[in-house]
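Okay, so here's the structure we're looking at.
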Amino acid sequence: MKPSIYGLTRDELIAWAIDNGQKAFRATQIWDWLYRKRVQSFDEMTNISKEFLAILKDSFCINPLKQRVAQESADGTVKYLFELPDGMLIETVLMRQHYGQSVCVTTQVGCNIGCTFCASGLIKKQRDLNSGEITAQIMMVQNYFDQRGQDERVSHVVVMGIGEPFDNYQNVMTFLRTINDDHGLAIGARHITVSTSGLAHKIREFANEGVQVNLAVSLHAPNNELRSSIMRINRSFPLDKLFSAIEYYIETTNRRVTFEYIMLNKVNDGVEQAQELADLTKRIRKLSYVNLIPYNPVSEHDQYSRSPKERVAAFYDILKKNGVNCVVRQEHGTDIDAACGQLRSNTMKKDRQKAATART
């Protein structure tokens, strides 16, 4: 399968065009066709010579994704299941917000982080997505707007789908530079958030990139014992290493870090844990924010359940009394396969059942 041209940054596309005997402005024209006019075929690029179009077609495809499923929620959330060229499946989510249209993208096929509450890790990592496959997710949603004649654009991006973004670092960075490019989609860096489960060394590397993209950290527990029991990654990057990297990030970028904290009933949602969390984040309080996330139950992880509203409220109150900037996250798509990885997992189960039935 040819690589997607979406996998190139504008500078890389210019270099490729020059290597193929073209002037730099040809690459700029192609970039405009891809991201401003958003064509679906190289043949639609009417100001590109037939000879150069032939080279383009021999070298690249445009969009490598095929839509398998689209579930639309009553609140306007759309959950997509896309098929990759090798037949593997990934999820992408469109969330309609009061401030714009936000898309959550996937960076890996499966996940090896091993969080015990998460649907994404039910199927182990099979491979990284390349940068073109990540960018194509944004283009699929933008095409959805365009085809409906909706004067809307993808304005915000969260890199929080299946997989650990910092375990696919270079492809994610290429993706970020592509969607942020002022000559293309021009999605503002401050409208983009990358979430990590806590790869401390990559947080430091990210701090040195000089990008204005937001950082979120999946914390989910305020002490090492509990965090190691629900997030295997903590055994490699315990809280002292993680927070050292976070402090370095804040000192280097002067940017706020968001902590994601999923509320698991009688696991991590007690008043003691709330106080521990307040104490843990005290040193970086001015440049940190806690996002309390209602749990979407996963049948394979039935040892966990959603925290009742009164426990969430008590937890929230303790954080606020300690001066912690925090919010209970607004839910999206609760009437569809809401948990990250759930649509993919359920579809793969159905595919296996169909295959088994066909054999009998």
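Cβ atoms here come from the backbone N, Cα and C positions, even for glycine.
Counted within 10 Å of its Cβ, the other Cβ atoms near Glu91 (active site, proton acceptor) come to 25, all protein chains included. Marked as active site, proton acceptor by Swiss-Prot on the basis of sequence analysis: Glu91.
Taken from Swiss-Prot, the feature active site, S-methylcysteine intermediate applies to Cys340.
Under the DSSP three-state reduction, Cys115 ([4Fe-4S] cluster binding site) is assigned to strand. If you look up Swiss-Prot, you'll see Cys111, Cys115, Cys118 marked as [4Fe-4S] cluster binding site.
Per Swiss-Prot, S-adenosyl-L-methionine binding site is recorded for Gly163, Glu164, Ser195, Ser218, Leu219, His220, Asn296, and the stated evidence type is sequence analysis. Cβ neighbours within 10 Å of Leu219 (S-adenosyl-L-methionine binding site), excluding its own Cβ and spanning all shown chains: 27.
Marked as disulfide bond by Swiss-Prot: Cys104-Cys340. Under the DSSP three-state reduction, Cys104 (disulfide bond) is assigned to strand. Here the Cβ of Cys104 (disulfide bond) has 24 other Cβ atoms within 10 Å, regardless of which shown protein chain they belong to.
In the predicted model, residues of the domain 'Radical SAM core' (97-335) average a pLDDT of 96. Per Swiss-Prot, the feature domain 'Radical SAM core' maps to 97-335; the stated evidence is sequence analysis.
Its Cβ placed at the centre, His220 (S-adenosyl-L-methionine binding site) has 24 other Cβ atoms within 10 Å. Sorting the binding-site residues Cys111, Cys115 by the number of other Cβ atoms within 10 Å puts Cys111 first. Counting every protein chain shown, the Cβ of Asn296 (S-adenosyl-L-methionine binding site) has 18 other Cβ atoms within 10 Å. In the three-state DSSP scheme, His220 (S-adenosyl-L-methionine binding site) is classed as coil. Nearest neighbour of Ser195 (S-adenosyl-L-methionine binding site) by Cα distance, taken over the recorded positions Glu91, Cys104, Cys111, Cys115: Cys104.
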